[in-house]
Amino acid sequence: MSNCFTHINADGNAHMVDVTEKAVTEREARAEAFIDMAPDTLAMIMNGSHHKGDVFATARIAGIQAAKKTSDLIPLCHPLMLTKVEVELEAQPEHNRVRITSLCKLSGKTGVEMEALTAASVAALTIYDMCKAVQKDMIISQVRLLEKRGGKSGHFKA
């Protein structure tokens, strides 16, 4: 692990990292997020009775779209040609929450961690948006990188 911030130059200014000379390698990242809610809200999602429609399908598409738009949201992220984005949603009624996991892949010169984190985060935000009419105190938490593969820094697993 590096002991310096790669997005800060010698003058202390933020800059986009130059990846011109880096080798193209297979890159993969997995992330997760959770959204806690009342049992009744989760039941609405699970049994399909939510008045806005299929919450999981909408959140999945939002997460995929968010991964593709990460460089528009995070100023110093490189625009990437993603080859795979997967967003999975799992109701966990025993914990009154939904677990969101994302997977992003590409062959490229820079990693896809931010894309995976953005996918999981925006999927959680979409669930909040769709359910806020019935519950405003839902909690989005534990957004984290689960695993990354490829590149100079190698393999990371939480």
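Start at 1 and count along the chain as shown; that gives each residue its number.
Just so it is clear, glycine is given a Cβ too, placed from its N, Cα and C backbone atoms.
Features reported for this protein in Swiss-Prot:
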| type | residues | note |
| --- | --- | --- |
| BINDING | Leu76, Cys77, His78, Met114, Glu115 | substrate binding site |
| ACT_SITE | Asp129 | active site |
When neighbour density is defined as the number of other C-beta atoms within 10 angstroms of a residue's C-beta, which of the binding-site residues Leu76, Cys77, Met114 has the lowest density? Leu76
Given Leu76 (substrate binding site) and the residue listed as 'active site', what distance in Å do their CA atoms have, once rounded to a whole number? 27
Would you kindly give the Cα-Cα distance separating Asp129 (active site) and Cys77 (substrate binding site), rounded to the nearest Å? 26
Among the recorded positions His78, Glu115, Asp129, the one whose Cβ has the most other Cβ atoms within 10 Å is Glu115
Any idea what the Cα distance is from Met114 (substrate binding site) over to Asp129 (active site), rounded to a whole Å? 22
Relative to the mean position of the Cβ atoms of Leu76, Cys77, His78, Met114, Glu115, the recorded substrate site, which additional same-chain residues have Cβ within 8 Å? Thr70, Ser71, Ile74, Pro79, Leu80, Thr110
Spacing of the two Cα atoms, His78 (substrate binding site) and Asp129 (active site), in whole angstrom, works out to 28
For the C-alpha pair, I'd like the distance in angstrom between Glu115 (substrate binding site) and Asp129 (active site), rounded off. 20
